[in-house]
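Only one structure is covered here, and it is reproduced in the block below.
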Amino acid sequence: MASPRLETYCCPNRDAATQLVLTFQPEVFCGVCIGSASVSLLLSILQLLPKQGQSPRKMPKASSSTILLLISVCDILGGLGIIFRSTVWIGFPDFIANISVVNGTDVWPSAFCVGSAMWIQLLYSAGFWWLFCYAVDSYLVVRRSAGLSTIVLYHMMTWGLAILLCVEGIAMLYYPSVASCENGLQHAIPHYITTYAPLLLVLVANPILFRRTVTGVASLLKGRQGIYTENERRLGTEIQIRFFKIMLVFIICWSSNIINESLLFYLEMQPDINGNPLKNVRNAALITWIIMGVLNPMQGFLFTLAFYGWTGWKMNLKWQKREIPWESMSTSAVADNGYPSAVGSSVNYQSNIHDSKKTTAASSQQTDEALSMLSEGNTASDDRLSRNSPIYQGW
């Protein structure tokens, strides 16, 4: 699981609330993390592998589909970090015990603690930023302002902000040294803010961007052929449901973190967290802590379900270069509409008709590409798009 408490635990003089959750049945908790992360890792990879009988995509891949893949990659790498950290925690208890030694001579336990915690935080934080970029890109797609070139800007923003916030939070927490951290809230609060800032950004900004995108999709569908048929209405609903699934998975997987952190901060403000009046608060904090160990690593697999649906068990590992259907149709349409050279006004007349048809087809193709980017992974939606496209109809 991903929590700023993992970095805080690396401090020998850690606070009582962090000590409470990280020393509560550590073997059971790490076992839960390993099990959840392993299941999510295997199923996520299974989801992303090509499947037998899978129809080729009808539209070219764009930045939106690349972002979805990068989100899954971040979740997979973050899950590997959880598995590695939890395995060492269970398998080498004496090594982990040295983390709590004040002024110890062995630096490797602290290095492992800090390094593994930073790896997990960095990858999941990058996943949050990529999810925000996906919402931005979806909105720009319907506004005809996005393209393949924007993925470079998304890379710069995502990795730059993720690394900057992670390093800044860690530096503030461990300043001037690991042995001196957690001596005051001025060390801990900036670290918690840099950890939860991208998570809260997704919770607040993504629903707004998704809502505006859905509104733009409706206008795009109406303007594609001048009518709003049942197919267009169904496609708009499917895109809306897809955005809803993405936010539902995100809220399910990370709401327990916000609840747990709120409870732990409340306990930190108390003079004695072991008092009997705080028993229910402590129990709630421990329960949400275990829930975090289950849900945080499962985000990777649940996101692949939200992105692509269940892709099946039968894998196709044979590499096969497939022609993009829309490209061949476009070439065929232009070739079929080519006219032999002629004299007089007939040449200009036929040329004007040909240019008009090409312009109409290009405009419709651009609209279909935008809609396909938003419905990436939905075979039924792609099929309806290709059947309704003027290129498919041989304009």
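Just so you know, glycine gets a Cβ as well, placed from its N, Cα and C.
According to TrEMBL:
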type	residues	note
COMPBIAS	356-380	compositional bias 'Polar residues'
REGION	356-395	region 'Disordered'
TRANSMEM	28-46	transmembrane segment
TRANSMEM	67-88	transmembrane segment
TRANSMEM	108-132	transmembrane segment
TRANSMEM	152-175	transmembrane segment
TRANSMEM	195-214	transmembrane segment
TRANSMEM	243-266	transmembrane segment
TRANSMEM	286-310	transmembrane segment
Proximity verdict for the transmembrane segment (195-214) and the transmembrane segment (286-310), three or more C-beta pairs under 8 Å: no
Can you tell me which parts of the same chain pack against the transmembrane segment (152-175), counting only residues 6+ beyond its ends and a CB-CB cutoff under 8 A? 4, 7-8, 10-11, 63, 67, 70, 114, 118, 121-122, 125-126, 129-130, 133, 137, 181-182, 187-188, 190-195, 197-198
